[in-house]
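Some notes on the structure that comes next.
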Amino acid sequence: MRPQRTSIHAISTWVRRQPPKVKAFLAVVSGMAALVLLRFIVHDHDNLFVAAEAVHSLGITVLIYKLMKEKTCAGLSLKSQELTAIFLAVRLYCSFVMEYDIHTILDLATFVTTLWVIYMIRFKLKASYMEEKDNFAIYYVVIPCAVLALLIHPSTSHHILNRIFWAFCVYLEAVSVLPQLRVMQNTKIVEPFTAHYVFALGVARFLSCAHWVLQVLDTRGHLLVALGYGLWPSMVLISEIVQTFILADFCYYYVKSVFGGQLVLRLPSGVV
């Protein structure tokens, strides 16, 4: 096991010493390689979206275990949970009025558990909530997402209000994790359960992004036409890619920490 850790440490050290452009190139190449692998392994790419929801639910389960077992919410961002509840509530509304399916049930389960997490942080475990570290102003993301949704939304036959709501939840989901990353940036040390939860979010976002990218490739672009015309199809893909890359850096340090046998994740300055 020690030679494996030594080789991983050598690779991570080499990557860390590379300039930003090289790191970005390596991230893109790694992402493309993962997409190619998923394309051959997973034949029904709709399963990737279901898997993304399942991994997100697993992350929430880890969070629930932390809150119930350790009786502390230290290191968690209440604002990220509130943003998650907002976009899930909007997406549930859109699902009920536009396209009710299995994803609606998964979203409902995630929404209920997210509300429970918010309740625990706000009331039951308020004494351990690090409010001074959770200092990201959520209107910095809510207002731009709302404005963007008014300007760029689907061009389907649904009511204009429903289409705007749909776009709003897509944009808000892409940036909902930013307050949690700010908390980790402020503390620099991330305890195991919080790290597992955020890593699960990163994996879920990547699977969701892979679902959309592979669907576009398989349909040779026809999926973009089905989503509507104008800028909306491109914005859907951009949102998926953005939310994946937002968490990519953290996931790299998480994997490095796990293979290095470290229970507590220490983040270098400027990581998130």
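Numbering starts at 1 and runs along the chain as it is shown here.
Note: Cβ is positioned from N, Cα and C throughout, glycine not excepted.
Source: prediction; values computed, not measured.
The transmembrane segment annotation in TrEMBL covers 24-42 (among others).
The annotation transmembrane segment is assigned in TrEMBL to 104-123 (among others).
The feature transmembrane segment is assigned by TrEMBL to 135-152 (among others). Within the chain carrying the transmembrane segment (135-152), a Cβ under 8 angstroms from the stretch's Cβ atoms is held by residues 77, 79, 82-83, 86, 164-165, 167-168, 171-172, 175-176, 178-179, 182-183, 186, 230-232, 235, all 6 or more beyond its ends.
The transmembrane segment feature in TrEMBL is assigned to 164-181 (among others). Listed by sequence, the residues of this chain that lie at least six past the ends of the transmembrane segment (164-181) yet keep a Cβ under 8 A from its Cβ atoms are 76-77, 79-80, 83-84, 86-88, 90-91, 93-94, 98, 134, 136, 138, 141-142, 144-146, 148-150, 152-154, 158, 198, 201, 232, 235-236, 239-240, 242-243, 246-247, 250, 272.
Sequence annotations record features per position, and here TrEMBL assigns transmembrane segment to 193-214 (among others).
Taken from TrEMBL, the feature transmembrane segment applies to 234-255 (among others).
Using a Cβ-Cβ cut-off under 8 Å and counting only residues 6 or more beyond its ends in the same chain, the transmembrane segment (193-214) has close neighbours at 31, 34-35, 38-39, 45-46, 48-49, 51-53, 55-56, 58-60, 62-63, 65-66, 70, 75-76, 177, 180-181, 184, 236-237, 240-241, 243-244, 246-248, 250-251, 254, 257, 265.
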